[in-house]
Each structure stands twice: as C-alpha cells, then as structure tokens.
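K.L.:
Structure provided below as structure tokens; questions to follow.
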Amino acid sequence: MKFAVIGHPIKHSLSPVMHQANFEALGRDDSYEALNIPPKHFHLIKEIMAEKEIDGFNITIPHKERIIPYLDAMDAHAKTIGAINTVKIEDGKWIGYNTDGIGYVQGLKNVYPNLKEARILLIGAGGASKGLAAALNEAADHTLSVANRTMSRFDNWDLKVHTLTLEEAEKQLGDFDIVINTTPAGMSENQDVVIALDHLAPDTLVSDIVYIPYKTPILKLAEAKGNPIYNGLDMFVNQGAESFKIWTGETADTKAMKNTVLQQLQRRD
C-alpha cells in the first residue's frame with residue numbers, strides 16, 4: 001500500500017521515516033512519502049493522489065480544514081472537530097478522520113495522570129487546536145479555555161470552550177494547570193514565543209505539540225523558570241499509529257516508531 005503526508009512546508013517532517021520503521025517492524029511492503037503542496041496548488045489534490053496511487057494520507061499545517069470540501073465522508077469525531085489529519089481512500093471514496101487529539105491525550109495522561117481535574121489552556125485556534133480541544137473536552141471536567149490572537153478564528157468552532165485573547169490569557173496564566181501551544185510558533189527555524197510566561201504558576205505543565213525542535217522556545221522558557229515541560233513527540237507517534245490502524249486495520253509498532261524518531265532528532269541536534 002502507498003501512503004503520504006501533505007503539508008506546506010513539509011521538509012521538516014519525520015513522518016516518512018517513522019512510518020517506514022513501522023512497516024519494517026511489521027514486515028509490510030508499504031511506502032510513505034512527504035508531499036509539499038502549497039495552498040495555491042491544493043485544488044490539484046485529487047489528481048496528485050490518483051497519479052501516485054495513494055491509499056491513505058495524513059494532513060498537516062496548513063491544510064487540515066482546507067481538505068474538507070474534497071472529502072466524500074467524515075467520521076463523527078472529525079465532523080465535531082471540523083479539521084482532518086487522516087484520509088483513507090477506499091473504492092475511490094475519500095473518508096476523513098482526526099487522530100490528533102486522541103494521540104495527544106494518550107501521551108499527556110502518562111505525564112499528567114490527574115488530567116480529569118486539570119484546568120487547561122490551549123493557545124491557537126487552528127485545525128490542530130480543534131483536534132486537541134475535542135479530545136481534552138472529553139478527558140477533563142473543567143471547561144477548556146482557548147486563546148487566539150484573532151477572535152474571528154472561533155467563528156467556525158462548534159466545540160464548547162471558553163475563548164479569550166492572548167492578552168487576556170497572559171494575565172490569567174496563573175489559573176491554569178496545563179498550558180498547550182498548538183501554533184507553529186517555535187517550529188523549525190521559527191523562534192517565536194506566542195505568549196509571555198510572566199504569570200505562569202510554578203507547577204504548571206507547559207506543552208507544545210511541535211516535536212522539531214525537541215525543545216521549542218516556549219518549552220525552553222518554561223524549563224528555565226523551573227516548570228515541567230512536555231513536547232509533541234508522543235502525539236506525533238500516537239496519531240501516526242492511529243492513522244495506520246484506520247488505513248490497514250492493524251496495530252502499529254509504536255516502540256519502533258518512537259525510537260526511530262528519537263534517533264533522527266539526535267542526528268539533527
């Protein structure tokens with residue numbers, strides 16, 4: 001079977017080597033490639049996938065919402081979220097799923113067992129944030145707070161969340177047990193920190209869904225303050241494993257996947 005990940009930019013993605021490690025561990029003769037598709041060329045997505053005979057693919061920034069009009073169906077979870085990170089192509093039909101939130105929460109519970117009672121702030125209101133918000137709403141009792149620079153970004157949100165501006169969030173940081181950055185700030189060469197951490201409580205866990213670099217600027221800042229930190233590696237591995245199960249019905253070798261990603265990250269350092 002042939003799989004892929006689409007995004008822009010995509011050169012930093014470790015999805016191909018991670019999935020290849022899983023294929024080899026399971027003795028499968030599958031392939032997985034990264035496809036850089038700029039927004040201006042996205043209308044060609046059907047032709048591109050047909051030409052490459054792709055059976056399923058992942059979607060990353062900035063296409064998680066852009067893909068929706070091209071789908072024939074979405075599962076109930078993805079419909080609630082309104083963002084897609086996984087597409088299965090079956091008998092010519094494109095079916096959309098979202099495994100981001102599931103993957104993130106699986107890992108978060110390992111580092112924050114008392115997740116049910118946590119007060120959580122998400123930073124960013126893009127497609128990735130929607131996926132996490134849906135899963136965190138199910139996992140935690142408190143109403144989730146989501147902060148974004150542009151409030152109009154919430155106009156197409158159907159999820160029950162408390163919305164606030166970045167400025168409001170900065171002042172209220174001390175009220176949260178977990179703060180999660182879902183924006184691209186800090187990814188690869190981007191050294192931005194989207195929110196000041198001056199009012200952060202001492203024990204608040206600061207997380208970032210980015211895994212390249214291993215410690216983003218916001219995580220370094222939090223660590224310097226003595227706060228616990230958690231990056232996006234487990235989410236990356238777990239969402240990939242969930243996608244693989246959707247495509248094939250098989251359980252992925254997450255140990256092989258994670259070890260391969262860690263090796264690649266060490267080489268980049």
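Note: Cβ is positioned from N, Cα and C throughout, glycine not excepted.
What Swiss-Prot records for this protein is below:
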ACT_SITE  LYS64  active site, proton acceptor
BINDING   SER13, LEU14, SER15, THR60, ASN85, ASP100, TYR211  shikimate binding site
BINDING   GLY124, ALA125, GLY126, GLY127, ALA128, ASN148, ARG149, THR150, MET151, SER152, ARG153, ILE209, GLY232  NADP(+) binding site
K.L.:
List nothing but the largest Cα to Cα distance in Å, as a whole number, among the residues SER13, LEU14, SER15, THR60, ASN85, ASP100, TYR211 that the record says bind shikimate.
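P.N.:
So the maximum pairwise Cα distance among the shikimate binders is 16 Å.
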K.L.:
Three states by DSSP: which one describes GLY124 (NADP(+) binding site)?
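P.N.:
For GLY124 (NADP(+) binding site) - judged by DSSP and reduced to three states - the answer is coil.
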K.L.:
Of these binding-site residues, LEU14, ALA128, MET151, which scores lowest on Cβ atoms within 10 Å?
P.N.:
MET151
K.L.:
Between SER13, SER15, THR60, ASN85, which of the binding-site residues has the fewest other CB atoms within 10 angstroms in the structure shown?
P.N.:
SER13
K.L.:
Across all chains shown, how many C-beta atoms besides its own are within 10 angstroms of the C-beta of ARG149 (NADP(+) binding site)?
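P.N.:
Neighbour count, Cβ to Cβ under the 10 Å cut-off: 14.
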K.L.:
If you compare CA-to-CA distances from ARG153 (NADP(+) binding site) to each of the recorded positions LEU14, LYS64, ASP100, which comes out shortest?
P.N.:
LYS64
K.L.:
Determine, using Cα-Cα distances only, which of these binding-site residues is closest to MET151 (NADP(+) binding site): SER13, LEU14, ASN85.
P.N.:
ASN85
K.L.:
Tell me which of the binding-site residues GLY126, ARG149, GLY232 ends up closest to LEU14 (shikimate binding site) in space, Cα to Cα.
P.N.:
GLY232
K.L.:
Hey, of the recorded positions listed (LYS64, ARG153), which one tops the CB count within 10 A?
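P.N.:
Compared across LYS64, ARG153, the most Cβ atoms within 10 Å surround LYS64.
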K.L.:
Rounded to whole angstrom, what's the largest C-alpha distance between any two of GLY124, ALA125, GLY126, GLY127, ALA128, ASN148, ARG149, THR150, MET151, SER152, ARG153, ILE209, GLY232, listed as binding NADP(+)?
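P.N.:
Binding-site diameter by Cα atoms for NADP(+): 27 Å.
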K.L.:
Taking 10 A as the limit, how many CB atoms besides its own sit near the CB of GLY232 (NADP(+) binding site)?
P.N.:
26
K.L.:
Counting across all protein chains present, how many other Cβ atoms fall within 10 Å of the Cβ of TYR211 (shikimate binding site)?
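P.N.:
If we count other Cβ atoms within 10 Å of TYR211 (shikimate binding site), we arrive at 21.
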